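Colleague: Checked TrEMBL, it gives:
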| type | residues | note |
| --- | --- | --- |
| BINDING | H5, H7, E93, D202 | divalent metal cation 1 binding site |
| BINDING | H130, H154 | divalent metal cation 2 binding site |
Amino acid sequence: MIDSHCHLDLYPAAEDQLSSWLKQGLTALVTPSTDSASLQRLLVLARHFPGRVFPAAGVHPEQPVTPQLLEQAQQVARWVRQGGSRQLCAIGEVGLPCYSQEPPYHPISREIFALFARLAVDCDLPLIVHAVHDAAALALELLQQLGVRRAVFHWLKAPREVAQAIAAAGYCASLTPEICCMQRDGQLSDCFPLTQLLAETDGPYPQRLTADGGIEDTPTPLWTMRVHRALAARRHLPEQVIARQLDQNARQLFGLPASCADKI
Ligand SMILES: [Zn+2]
């Protein structure tokens with residue numbers, strides 16, 4: 001079972017918790033960074049758990065925009081180009097802000113996203129995109145303009161026609177455990193063939209357990225199986241078939257080794 005998007009560095013006692021999750025059926029996780037300090041921490045965790053922890057390098061778009069943020073993004077990109085890419089499975093988490101800004105977005109936010117999209121193309125790495133709701137359409141346009149071939153729209157939330165365009169462009173979408181309670185998430189997942197879907201938790205960011213958001217909880221990567229179960233019910237397929245396919249999609253997109261194969 002692969003969690004394709006989890007912020008491992010944000011969990012307290014991450015090493016201990018990860019050891020426990022690995023004993024309970026998790027085989028690997030893709031862990032995007034939010035800034036350069038986050039990336040450094042994830043590289044250490046990846047060295048401690050080889051073949052299990054796969055970091056990505058990026059600067060999260062939902063943070064205060066300052067010239068220093070741009071400098072940080074340029075610094076991370078330089079490190080990736082100077083050989084750091086060998087330690088990465090992707091570029092991310094990058095994108096356009098939705099919760100902290102409105103379209104057409106700060107020029108620095110757009111510049112940082114374009115910088116990382118070009119980096120992904122040049123280094124032949126997939127891009128983990130945070131661009132929800134209003135931001136999704138513009139992000140899709142930028143990816144296509146810049147020639148990004150492999151990308152996943154993480155925690156897909158977009159107007160239906162934009163989700164359909166993302167699928168038609170051949171990009172992936174990842175589903176969180178909120179698919180268990182949010183009708184919208186299930187309906188958007190229908191826009192994608194099974195081969196373009198991934199499962200993620202985005203932990204430790206809280207997940208809704210009820211459609212009105214009245215009850216939330218902190219997910220662990222083990223919640224990935226909730227996504228498998230919900231999608232299996234929706235597609236009328238056995239849970240194992242869904243789990244195998246979604247794991248395979250993650251391995252393929254991020255170039256993960258066969259040793260991450262299902263242990264369900
Ligand atoms: Zn995230």
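Glycine residues also receive a Cβ, built from the backbone N, Cα and C atoms like all the rest.
Owing to the predicted nature of the structure, the values given are computational and were not obtained by experimental measurement.
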Colleague: Give the distance between the Cα atoms of E93 (divalent metal cation 1 binding site) and H154 (divalent metal cation 2 binding site), rounded to the nearest whole Å.
Modeller: 9
Colleague: So which of the binding-site residues is most packed in, judged by how many other Cβ atoms lie within 10 Å of its Cβ, out of E93, D202?
Modeller: E93
Colleague: Taking the centroid of the Cβ atoms of H5, H7, E93, D202 as the divalent metal cation 1 site, which other residues of that chain lie with their Cβ within 8 Å of it, listed in sequence order?
Modeller: C6, T31, P32, I128, H130, H154, W155, E200, G203, Y205
Colleague: How many Å lie between the Cα of H5 (divalent metal cation 1 binding site) and the Cα of H154 (divalent metal cation 2 binding site)?
Modeller: 8
Colleague: Does DSSP give H130 (divalent metal cation 2 binding site) helix, strand or coil?
Modeller: strand
Colleague: H5, H7: which of these binding-site residues has the sparsest Cβ neighbourhood within 10 Å?
Modeller: H7
Colleague: Once the DSSP letters are reduced so that anything not helix or strand counts as coil, what is E93 (divalent metal cation 1 binding site)?
Modeller: strand
Colleague: Please report how many Å separate the Cα atom of D202 (divalent metal cation 1 binding site) from that of H130 (divalent metal cation 2 binding site), as a whole number.
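Modeller: Given the Cα positions, D202 (divalent metal cation 1 binding site) is 11 Å from H130 (divalent metal cation 2 binding site).
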Colleague: Taking just the CA atoms, what is the gap between H154 (divalent metal cation 2 binding site) and H7 (divalent metal cation 1 binding site) in Å?
Modeller: 13
Colleague: Among all the protein chains here, how many other CB atoms are within 10 A of the CB of H154 (divalent metal cation 2 binding site)?
Modeller: 26
Colleague: Have a look around H130 (divalent metal cation 2 binding site) and count the other CB atoms within 10 A of its CB, chains all included.
Modeller: 27
Colleague: How big is the gap, in Å, between the Cα of H130 (divalent metal cation 2 binding site) and that of H7 (divalent metal cation 1 binding site), rounded to a whole number?
Modeller: 13
